[in-house]
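Lifted from TrEMBL, the feature list:
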{"type": "DOMAIN", "residues": "B:21-138", "note": "domain 'Acyl-coenzyme A oxidase N-terminal'"}
{"type": "DOMAIN", "residues": "B:141-249", "note": "domain 'Acyl-CoA oxidase/dehydrogenase middle'"}
{"type": "BINDING", "residues": "B:THR144, B:GLY183", "note": "FAD binding site"}
{"type": "DOMAIN", "residues": "B:280-441", "note": "domain 'Acyl-CoA oxidase C-alpha1'"}
{"type": "ACT_SITE", "residues": "B:GLU426", "note": "active site, proton acceptor"}
{"type": "DOMAIN", "residues": "B:485-662", "note": "domain 'Acyl-CoA oxidase C-terminal'"}
Amino acid sequence: SVNPDLASERQTASFSVEKLTAQLDGGEEQTRIRRAVVEAIECDPVFSRENQYFQSQNERYEAAVRKGVHLQKKMHEMGWTENGPEFKYIYRALSGDVAFLLHSIFIRSISVLGSDRQITKWIPLAAQYRLIGSYAQTELGHGTYLQGLETTAVFDTTTQEFILNTPKISAMKWWPGDMGRSATHTVVFAQLYVHGKCYGVHPFIVQIRSLQDHSLCPGITAGDIGPKMNFEHVDNGYLMLQNVRIPRENMLNKFCEVQPDGTYVRQGSQKINYFTMTTVRISLISDEVIIPLMKACTIAIRYSVVRRQSKLKPGEQEAKILDYQTQQEKLLPQLAAAYAFHFINDYLQELFNRGYKEIQRKNFDTLPELHAFSSGFKAMVTQYCTSAVEICLRACGGHGYSLLSGLPSLYTKILASCIYEGENTVLLLQTARFLIKCFTAASAGQPVPPSVTYLAVVKPGKCPAKNKLDFLSPDIYTEAYQHAAVRLISSTAAKLQGLIQSGVKKHDAWNQCTVQLAQAAKAHCHFITVKNFAETVERLETNAGIQKIMKHLCDLFALHGIFSNAGVFLHDGYISGAQMDMVTALYLDLLAVIRKDAVPLVDAFDFTDKSLNSALGSYDGQVYQRLYEWAQKSPTNKQISPAYERYLKPLLHNTLSKL
Amino acid sequence: AAAMVMNADLRRERAAATFQPELLTHILDGGPERTRRRKEIEALVINDPDFQHEDLNFLSRSQRYEQAIRKSSLMVMKLREYGIADPEEIYWFKSFVHRGRPEPLDLHLGMFLPTLLTQATPEQQDRFFMPAWNLEIIGTYAQTEMGHGTHLRGLETTATYDPATQEFILNSPTVTSIKWWPGGLGKTSNHAIVLAQLYTQGQCKGLHAFIVPIRQLGTHEPLPGITVGDIGPKFGYDEMDNGYLKMDNFRIPRENMLMKYAQVEPDGTYVKPLSDKLTYGTMVFIRSLIVGDSARSLSRACTIAIRYSAVRHQSELKPGEPEPQILDYQTQQYKLFPLLATAYAFHFVGAYIKDTYHRISGDINEGDLSELPELHALTAGLKAFTSWTANAGIEECRMACGGHGYSRCSGIPDIYVTFTPSCTYEGENTVMMLQTARFLVKSYTQVSSGQRVTGMVSYLNDLSRQRIQPQHVAARTVTVRINDPVSLVEAYKARAARLVEAAAKNLQAELNHRKSKEDAWNRTSVDLVRASEAHCHYVIVKLFTAKLSEISNAAVRAVLTELCLLYALYGISKNTGDFLQAGILTDAQVTQVNQHVKELLAIIRPNAVALVDSFDFHDVHLGSVLGRYDGNVYENMFEWAKKSPLNKTEVHESFHKHLKPMQAKL
């Protein structure tokens, strides 16, 4: 039965939860398909995550391999294909807890970088799992800066082979997933040398393990890189190459080729390839970043209406902790952010789909803008959501610290997203470079991409709000964000310009402005997110109460941002001190309004108990019972520990000296 | 790995420092003699083969628990053998043995024994203390329940007195009343001090403490009526058997209630305790330890991140030149140096609270408790402020190490998961902030009614004076000199005063809406927390600034002054809204503050490595491949990875079990 404290929250929902779920999924049909996939996966015991929190790294890895293998069978049975409508829900249903994710990157990189001949040769083998692939780019000493990679591939014209080497320890490949134990092949990125000349970094297909007995190939040293904060199920690996020879045909040569005599030839445009890299950053946002935040909000908010602590009124029952303003102030802005980012993700997907069509027509004009979008939003959303999940974790007090709450693993997983696919600070600076360029162009009256036309309309002005309720107008707060973004970008551009004019070298000047540049890029992304949220709300259907509650969340998201970055808005007096007091008061009022719908708002995310895998967050709210039952399953309670006989007993019997 | 020479980058960094790190180490330790003694104790542990073991990252939870128990047993024996009895020296010894991690005997040593000393009658001490001292009895302290933490009065466990047998009957009446979390309860302890609602003669007399045997001496099996076990895996604390305890009509003799204060007579008559604020003293002490812990944990993370940033090279700053050390990027400095300054600030705050506590503990013993309420209120807030900041700071350090920070070999994940619960235990941070706020509002009310207040809140006295001079805001603006720590203390003071006043006024406004006191308080609590934070921030800037004048060596004073300025200015730049809105600083000054922060980053840069060296963490204690003193990071990462459990066999068994059959089938 459902805990009455949770049941009562659901009775007072101001909107239809089912309709909101359909809205989030993009239609009722999508909801139906998603639920069917989740159902099929969750009723299959091989995919169970029940014991996940008790498993060792070895056990997690083995389970992931088992699931990866079983998934092939399952897809066949269910008739799911990679191009079917079900495919995108499989990963969500598995909560990512499966091996061979790098195998698909291996396939994709051959499809994108390989010639037709290479595709014909390798893709069928990979598709049938005749070989297992990985993707080896990052090295022990090199991550972000691709040109700095040290692995070498020297062409030997006499044998028509490349000789691959790891010249020093920092050149070892380090981190690639599926490579530590599983992979038989990998795409290795190495500096190409022909006749003593370096041609830069290129991709090579290298076999690393025997297809017969899985032993390492000659010249290969490979293994697992050891325990991490999460991803215990993935065998992130290291790889050292000593005079490993591969045939000339193993260099992926759609764009560059080394001919038999050693002549190096460039062909075609790499721009489309560049676009593919860019889309990866956007494609991870939904599954790896927004869904974990939605799960964390679900767990923390349900738990906060079940948990009672202290009294709000003398003589009454202890209060639900969600009734405390401080608890609302921790959780509800994170909930609003989950919705804000869900909508910005829709926006980005659409933008990239449109961009893709343009690029297929060989129109590359939108590339710089798309690149700036993917970098900036990847950085902003991952950083925001990571701290949001951590806030949810800490808002659950002691029990949040138990792995059984599900929150620690959500947190340790999401935080990796701040680093992979581009370190966030580096990405923000790429967006900043685009913004500065556009600002300069706009100031000179030149045309700029649509997302940054606002930079051209720099007007000083003041916020026109007269009273508190004026701040419920999206125009008012969107303008404020726009003003802040323009101010930060223009002042940084001016500073950069000033430094350069005073004789500072360009790169030094850039480095001296990077703190401000990163801040400006974030302000730009924040502005676009608020604007998009407000515009999305406009378009929502007005029935079933959905538009109304989304408007509240949009207001909360926007005002929370102003409240938490007050200095940015007060600086230059765009928002006055008195107006800031209005923002604060209104923001706190909104918390109490959204509080009433908090549980229905997380119910609408529609996570099953199995996918939450949390003793605190289940739908029925039987928190304590579940915590107690799950604890019994802990190996520390089931297995007999030698600690008692070996150490405790002599200790208790006061025979310490014998130890 | 073979002995290696120091990494060239680190060698260069150390040679370029403008001060001697040892001198700064002495200041942190409280004098050269303390440093010497600390290192002596450190050597006792680190050179002792009994305390060596495999890297804990490669062990299962059960194995880690076992290692911890093994080391704890030896530790107790060796402490006595070496005659180490000073609390601080015991703390060092323990923290070297367990490398800063918790251990299963923590609650026995830190709570069970001290509680016996303070709350047991002489008769009870005779029965329990020596066996507990000799570890025949291992105890824990069972307060928190599954459904109840912060709000002690809400605990549900009952102890009902039965005069017929002169026993207490202990019960866990609901699932929520199961004792949950106490360290050492799951597997280690055979006794627990249990907090329960006392019922006698049909009346509830509130919470009292009882000594409850839970496991059979000899077999260690749970006693009939007792259900006890481990609460399962957690974020960290792998070596600690945090436990649960359920009691069903479990009877203990009347003499097992701790009766130094309250008593139950044989016929069931309840004798009330004399009121005591003495528990304040213990809380102040424990919270001061957490402030120190915040400083140490953040220092460890900074040491790792800064040394690694000096070793790691990436991308290009100047076209055509070799990849620079990542510590040369302004963004990297901006992530790390304010945290370094924060770590120093928290060290001095921790030392201040400890000293103040020791100074007034004499008064406390003589019954003079006048200074205690303020210290109690202040430490509550500082505990919350420093643990929140350190918690976030450790994560920033980890992020600043990029991908490798995410590996357990960096050591930072471990620091984080070990430290983060301190935001919750010994008083949940938000609750702590609100306790401080209660004191601030009370002080503000006193001032409003014409009384004067003393101590750290005395700035509130100025508020009433300012009201007579309406032009004060403008007058104050020009007086802030952003290069002068003393002037910045004034700016922080003004901010705290403004936020305390705003919170107090908002609270009054809510009360005027005829809301109940509790409702009004709840509706103002976000403002109240902000006021407390501003107050704590002011105290920290003030204490850091005050410390500078005590430092005799000019070179050390210079570098600490830079850190102090950075701490204060960075804090302003992160909270410009407060300073602008209150008119403490102008737009132009805020721009100058932001600019000056960046200038300070460049000034501190040459001393960054020496400043973390001064924390003087031994490599064994630091537990980080990235943060090694010699900087030989990559070679040792490889050595470390080879020991990973997944690498035990050349071909993993999953190949035979799953991969091979699949390849055969498809």
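The first residue you see is number 1, and the count goes up from there.
Any Cβ shown, glycine's included, is placed from N, Cα and C.
Bear in mind that TrEMBL entries carry predicted annotations, made automatically and left uncurated.
If you count C-beta pairs under 8 angstroms between the domain 'Acyl-CoA oxidase C-alpha1' (B:280-441) and each of B:21-138, B:141-249, B:485-662, the highest count goes to B:485-662. The recorded positions considered are B:THR144, B:GLY183, B:GLU426; of these, B:GLU426 has the fewest other C-beta atoms within 10 angstroms of its C-beta. Taking the Cα atom of each, B:GLY183 (FAD binding site) and the residue listed as 'active site, proton acceptor' are about 13 angstrom apart.
Rounded to a whole value, the Cα-Cα separation of B:THR144 (FAD binding site) and the residue listed as 'active site, proton acceptor' is 11 Å. DSSP gives the residue listed as 'active site, proton acceptor' a coil state; it is part of no helix or strand. Here the domain 'Acyl-coenzyme A oxidase N-terminal' (B:21-138) has, by DSSP, the following mix of helix, strand and coil residues: 89 helix, 0 strand, 29 coil. Annotation note: B:GLY183 (FAD binding site) sits in a coil segment as assigned by DSSP. Mean pLDDT for the domain 'Acyl-CoA oxidase/dehydrogenase middle' (B:141-249) in this predicted model: 95.
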